[in-house]
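Just below is one structure, and these are the notes that go with it.
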Amino acid sequence: MEQRLQGDESGWWLLSYAGKLWLPKGEIPHGLASEFGLRNESAHRIGEWQSESVWLVCKEQAREMASVRQLLDEDRGLFQLAGRAVQLEEFYRAHKFCGYCGNKMHVSDREWACLCNHCRQRYYPQIAPCIIVAIRREDKILLAQHNRHRGGIYTALAGFVEVGETLEQAVAREVMEESNINVTNLRYISSQPWPFPHSLMVAYLADYAGGDLKIDKSELLDADWFHYDKLPQLPPPGTIARRLIEDTIALCRSEQY
Ligand SMILES: [Zn+2]
């Protein structure tokens with residue numbers, strides 16, 4: 001999977017370092033490796049987009065390194081590959097030495113893994129599952145302002161899955177902890193890799209089952225039940241949170257409240 005570039009390889013070039021990508025003029029470089037001075041660099045072919053190879057080169061450029069967030073409005077497939085590039089670079093850089101025996105590791109040529117030369121331990125990139133849930137109560141939806149979000153956006157509740165917990169248990173626990181609400185009729189909708197830094201968002205719709213809204217101030221600034229046609233500022237289109245909110249609005253409308 002890792003190869004030394006000759007210069008005549010072509011495609012999309014994802015140069016990544018420390019969670020950032022090289023985006024000259026805000027775009028992903030496209031063309032021959034030699035056009036971008038990448039001859040003799042080591043590269044990983046990490047996928048295909050528009051029938052052309054997408055390459056990861058673990059390298060920092062002096063200028064125009066930017067966050068993957070800049071690609072949020074791009075095609076979903078391209079955003080996913082950019083997220084893959086950033087996470088793999090982070091993984092390779094953090095796994096040069098074995099955590100068990102301290103010896104040097106090498107990158108596997110069969111899969112996205114690092115292998116210990118000494119004790120044969122095998123490491124894979126870490127993915128952190130995270131649930132996100134839109135909760136409906138008749139013609140209203142529960143939306144919250146998170147401490148970690150800037151700009152007054154109200155969104156669905158979300159949280160990381162803990163070790164030894166099912167996704168369903170994580171939803172019930174997170175919602176109870178953050179809002180003191182019980183939910184029922186949990187329905188899986190979709191998932192989305194979210195490379196900030198290495199989450200997999202697992203999205204659900206749910207219905208209100210009981211409890212008075214009481215927020216956890218350490219996690220949320222505010223939360224409330226909003227009528228579906230009087231909504232506050234929502235997360236941007238393209239996010240899974242927005243999709244869940246739109247789905248809930250459609251459900252409210254279809255039942256003609
Ligand atoms: Zn080892």
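In case you wondered, yes, glycine gets a Cβ from its N, Cα and C as well.
Whatever TrEMBL says is automated annotation, not expert-curated.
Remember, predicted model here, so these are calculated numbers, not experimental data.
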Same-site substrate binder from A156, A241, given that TrEMBL records K25, R69, E111, Y124, Q192, P193, W194, P195, F196, P197, H198, S199: A241
Listed in TrEMBL for the divalent metal cation 3 site shared with E174, E178, one of E138, E162, E219: E219
Motif 'Nudix box' per TrEMBL - which of 71-92, 159-180: 159-180
Least surrounded among the binding-site residues, given as W194, F196, when other CB atoms within 10 Å are counted: F196
Binding-site residues: E111, E174, E178, E219 - member with fewest neighbouring CB atoms within 10 Å: E111
Shortest C-alpha distance to C98 (Zn(2+) binding site) - which of the binding-site residues E174, Q192, W194, H198, A241: H198
Inter-residue Cα distance where the pair is E219 (divalent metal cation 3 binding site) and F196 (substrate binding site), in Å: 18
Listed binding-site residues adjacent to ligand 1, that is, members of E174, F196, E219, A241 whose C-beta is under 6 A away: none
